[in-house]
Amino acid sequence: MSWDQVWIDINIATMDPSMNEAYGAITDAALAVKDGKIAWLGKRSDLPEFDVLATPVHRGHGGWLTPGLIDAHTHLVFAGNRANEFELRLQGASYEEIARAGGGIVSTVKACRDADEAELFDLARRRLNALAKEGVTTVEIKSGYGLDLDTELKLLRVARELGQHHHVDVVTTFLGAHAVPPEFKTLGEAGTDAYVDLVVNEMLPAVVAENLADAADVFCENIAFNLEQTERVLSAAKTLGLDIKLHAEQLSNLGGSELAARLGAKSVDHIEYLDEAGVKAIAQSGTCAVLLPGAFYFLRETKLPPIDLLRQYQVPMVLASDFNPGSSPICSTLLMLNMGCTLFRLTPEEALAGVTRNAARALGRDQRVGVLREGMEADFCLWRISTPAELAYSYGVNPLVDVVKGGRLIHQ
């Protein structure tokens, strides 16, 4: 056998659902890489003969390989911060009250409109580096802090550039319909409709013309866009060839998840107020449920997502950081594993699936990454742990040892 590298003295959490063992585990295992792909994996005792002198052999010292982690929902590119709003919330103000008073998303818009691409790139690269140090190898980055054509394009260009200058794969999402900008908000519902016209008729075509986005998203909520407005944006995005997803049922239940299911969305995100009808709908459409415990924690929410219903209807559950300056300024995927278990009562295996296999599905990357099996990309992490559950159990001491991305050893 001729391979580019071989890993031995390892255990593997393949996260392959076709395997009967928890985590799709293979103990006392080995793995071989060729041309950036996994060429072989299995029990070390079954490892085919290969040229030991010509092949780099890496010893895992009894650690565990997992798929590279995936953060499937972030707002990584922004300027400024909202520490003042943090203080207001601690004094009793709600997220909605702050937003209606001109804070929230809109307060970040000015900072992003004023910042140039170099400043935004430098800020975002630091955040991406922080995720990468925790084993993240794929990340989704949304726009949504421009709310005008030029700034939305600027944010997406920065996100695309990050992916070109970093080993982490970047999936970009256009979120022009994140909030109603101040210049339209004073006109009431007519202003919101006029802004949706701008998103549909000018922003989306420009984004697609520059190939700046892989998907489009909308914040469907009573403080943002109603169902009709949401459908206009998502339908237009679909027509232009973009994947679609939706912020839905975070603060109330408007039926956004059922709309997302009808339109074939990749995911619905937040979903604290999702009901059984919505769960049934996304189960039938194959739409993923993206859970965002960082926002739940930071906003001190009490309404839990319907985890038992999602399990009952076998909806793929994704865990993501929702890293953003207002509701989840928490740049840590490993912490999301712990929060997913402690706050949402996921099992450690469900949590790990939420940042590997299911996250890949939510981003349309499940034929490439998220599971370790022959033919998939060689995209994995080596951890100094005795069981995969440790990744969710303990936080603060990073157990990451190595990262392989596309067959290339990144971190030692």
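Numbers here mean position along the shown chain, with the first residue as 1.
For all residues, glycine too, the Cβ spot is worked out from N, Cα and C.
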With N324, G326 listed by Swiss-Prot as N-formimidoyl-L-glutamate-binding, which of these, Y145, Y195, is given for the same site?
Y145
Of the residues H165, H166, H247, only one is listed by Swiss-Prot in the Fe(3+) site with H73, H75, D322. Which is it?
H247
Looking at the 4-imidazolone-5-propanoate binding annotation from Swiss-Prot, with R82, Y145, H178, S327 already listed, which candidate in Q5, Q250 is the matching residue?
Q250
Taking the recorded Fe(3+) site as H73, H75, H247, D322, identify the other residues of that chain whose CB atom sits within 8 Å of the mean position of the site's CB atoms, giving them in sequence order.
T74, K142, D269, H270, V290, L292, A295, A320, F323, N324, S328
Could you check which of the binding-site residues R82, H178, N324, G326, S327 is the closest Cα neighbour of H75 (Fe(3+) binding site)?
N324
Need this for a regression test: binding-site residues H73, H247, D322, N324, G326, filtered to those with Cα within 10 Å of H178 (4-imidazolone-5-propanoate binding site). What's left?
H247
For R82 (4-imidazolone-5-propanoate binding site), the one of H247, D322, N324 that lies nearest, given that the binding-site residues are compared by Cα:
N324
